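Listed features, source TrEMBL:
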{"type": "DOMAIN", "residues": "158-305", "note": "domain 'Palmitoyltransferase DHHC'"}
{"type": "TRANSMEM", "residues": "6-24", "note": "transmembrane segment"}
{"type": "TRANSMEM", "residues": "36-59", "note": "transmembrane segment"}
{"type": "TRANSMEM", "residues": "79-102", "note": "transmembrane segment"}
{"type": "TRANSMEM", "residues": "114-132", "note": "transmembrane segment"}
{"type": "TRANSMEM", "residues": "204-228", "note": "transmembrane segment"}
{"type": "TRANSMEM", "residues": "269-290", "note": "transmembrane segment"}
Amino acid sequence: MEVQWVLVCHGMVTLTVVVSFLCGHSPIFKGTPIGWIHYFLTFGAWDYLLRFVEFVFGSKGTDAVLSVEGFCCDRPNPLLQIIYLVILGSTYFITVKSSFVYIPGYYIGEVHKYMSFGAVMIGVLLFLLTSFCDPGTVNAKNVSQYVSAYPYDDIIYSEKECPTCKIPKPARSKHCSICNRCVARFDHHCGWMNNCIGEKNTKYFMAFLLWHFLLCLYGAVAIGFILAGRVKELRIVHILTTYYGIKNSFRSLAPRVLQWLVGTYNTQILLLVFFALISLLLAGFFAYHLNLCLTNTTTNEKFKWREYTSLQKKISEAKASAAALKAGMSNTELERPAMSKWRGLWRRSEAKAESIVAKRNMYDKGNFRNISEIVFPLSSRQGFQKPYHKSE
């Protein structure tokens, strides 16, 4: 029972940390423990660390920590790439050592020993392709090619020069401050890949997310079959019903079987929970980026549209306030109660932003055309000379 409660607590803590880190910034969690944990993980812990270092070692210690932060966060470095390889390698090693001894089993064949290794190698290959493939670097030699790929919409993109590279800035591109280069159809800089995700490697990034989701799901299902096979091979249900007098029903047997599995195969249970949580996390990331690909939008553009929507809202409110004041209304009449500030306003603003993007995103050409641009980038197509327009 002690091991069982340790595993339950471990799973709950892991789930809380993951949800807090990914979703705690949302206004929905403002003032809740989820929001507090998110603040601590993203800002608070680092702030307390800096204060502690300054208290113990003085300003020199703080400068040393900040220099390490600059190297890890503001410059290209392979730190997260190494961490990824360590996590993947160690997880596969633990899985092999703890679970392959039960393969072949009642529900799983020996072929899965080789399939799992092949699946991991494909994951590593996709990781390397995403990490080392050119994301679409824009320079003086190819800038005209990228400029002709997409037109300026004069809303979030306008014709101008990159102040750092001193070259024309193509629509949908962005200068990455970490890599110090302009990237075509910039989505985001991925620390795990130590590379930008742009026009030319988005397809590899999407394949990486999808494959690792399937890999983790495969791991969870395979371990589930191993455990089910052990229950069948050792005749646990027969023992519980015959020798311990437990009623032969799912409601009575399930807790006992689960308790036996947790006590006997705790490593496999931990791996199963780990694979299941990571697969859910990767499924969320993949679904988010798939939606971006289907609507021909990028993460960078999502933020730009949100800023544009916020600015337009402020302008409208300022005009309304000026008109009201001109009409002689009092300040109290201008004030409106913030109903459901933590939920309603956030949802309405998000829905409004999505509506504006859907109506004014000139790059959305339909799902098939949008996906084809991911697989076959416009700037790389032979004979491409002029930008397309939404009316075409």
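Just so it is clear, glycine is given a Cβ too, placed from its N, Cα and C backbone atoms.
TrEMBL labels come from automatic prediction, so no person has curated them.
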Legend entry - For the transmembrane segment (114-132), sequence-distant contacts whose Cβ falls under 8 Å of one of its Cβ atoms, 6 or more beyond its ends: 81, 84-85, 88, 92, 95, 190, 193-195, 197, 201, 204-205, 207-208, 211-212, 215, 218-219, 222
Legend entry - Same-chain residues at least 6 beyond the ends of the transmembrane segment (36-59) whose Cβ lies under 8 Å from its Cβ atoms: 16-17, 20-21, 23-25, 29, 65-66
Inset, instruction - Please list, for the domain 'Palmitoyltransferase DHHC' (158-305), how many residues fall into helix, strand and coil according to DSSP. - result: 90 helix, 14 strand, 44 coil
